[in-house]
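Positions annotated as domain 'G-protein coupled receptors family 1 profile' by TrEMBL: 31-243. The transmembrane segment annotation in TrEMBL covers 20-39, 51-69, 98-118, 130-150, 180-201, 222-243, 255-274.
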Amino acid sequence: MSYRCYNMTWTLQSRNIGRAYLSLAIPALIFHVLFWVQVATHRSLRQLSMLWVYNYLFTDMLLLIQFFLEYILRTSLPYCISYSIFNTFCVLEAYTTAYITVLEAYMLVCLNITRYYLIVKNFDIAARYPYILVLFNIFLYLFGMSLLLFQVKLFRTLVLHRHPHTSNCHLQYFNIRTQIGNLFIVLLIPIILNCYFMTLTTIHVRQSRQAVRAQHNKHSQLLVQFFVLYIVWLVLWAPNAIVSHLITDNYPSTYTRFGSITCTLCGPLIFMFIDRRFLKVWKKTVCHIVRYGRPQRQINPSTISNELRLPKFPR
């Protein structure tokens, strides 16, 4: 019985690129851990209104875990592995990036819509309809999964492919119509929706300058936060998605992937340093660290010795 060997080990050039990825992924993981520690230890941050923010950063965390797993496997696996092992890791590698791209694109749309209703309509969806918000969150995960599975298993428009030069596994499209259709669903529709709701929100914030100053500042801060987050996502993440959808040769994605990993690094920093809620938490944490780090001087009570005799004054 013949046994065919499959190789997932990176070439020397791919190893060097992988080390460069690692130099970005390690600080990104550190900032994500710090972010989630703050959320876990402070009840004020665990709010349903932050659901889409936490989902977005959770998908970033999944991408980092997938990369570390990929790096370990491609630098430590033996040269010859069985087909079952190869296919499992190859499917995980190819599907994860495509799946997370769909999730993050529409999670940003959901975050934008909820903030539009909060700022423009003064309607808090998380407070009014919490169960619907959670159910829609679950539906979004199922939507991203079904979008890939239907194309691969049912319509056969996607096929798992291993690049001959980089050894990376990716999903390859059969024709240009499928490529453009997927790009339209994954990127163009979310971009159009986000631009539309961001424009409406910006116009409302500019026209409501006469409102209560504290409320206006809060709305402006939320708008700036989302604007920075979305620009970073478009500049760093979107090029990798475009390359993977339009270019059959997956070699350019080895360079656009630098942007997607850098995007995972910027995500928690944007919320930790722009969102006032996280700034307050960080200030409290720093104050506690400084307070406990200072050496405390212990002041002992003064006592009078029995041997000390007071002088007697004449009456």
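The backbone N, Cα and C atoms fix where each Cβ goes, glycine too.
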Response to the item:
Residues outside the transmembrane segment (20-39) whose C-beta sits under 8 Å from one of its C-beta atoms, at least 6 past its ends, are 45-46, 54, 57, 60-61, 64, 67-68, 71, 257-258, 261-262, 264-265, 267-269, 271-272, 278, 281-282, 285
Item to complete: Return the stretch with the most CB pairs under 8 A relative to the transmembrane segment (98-118), choosing among 130-150, 222-243, 255-274.
Response: 130-150
Item to complete: Summarise the model's confidence over the domain 'G-protein coupled receptors family 1 profile' (31-243) as a mean pLDDT value.
Response: 86
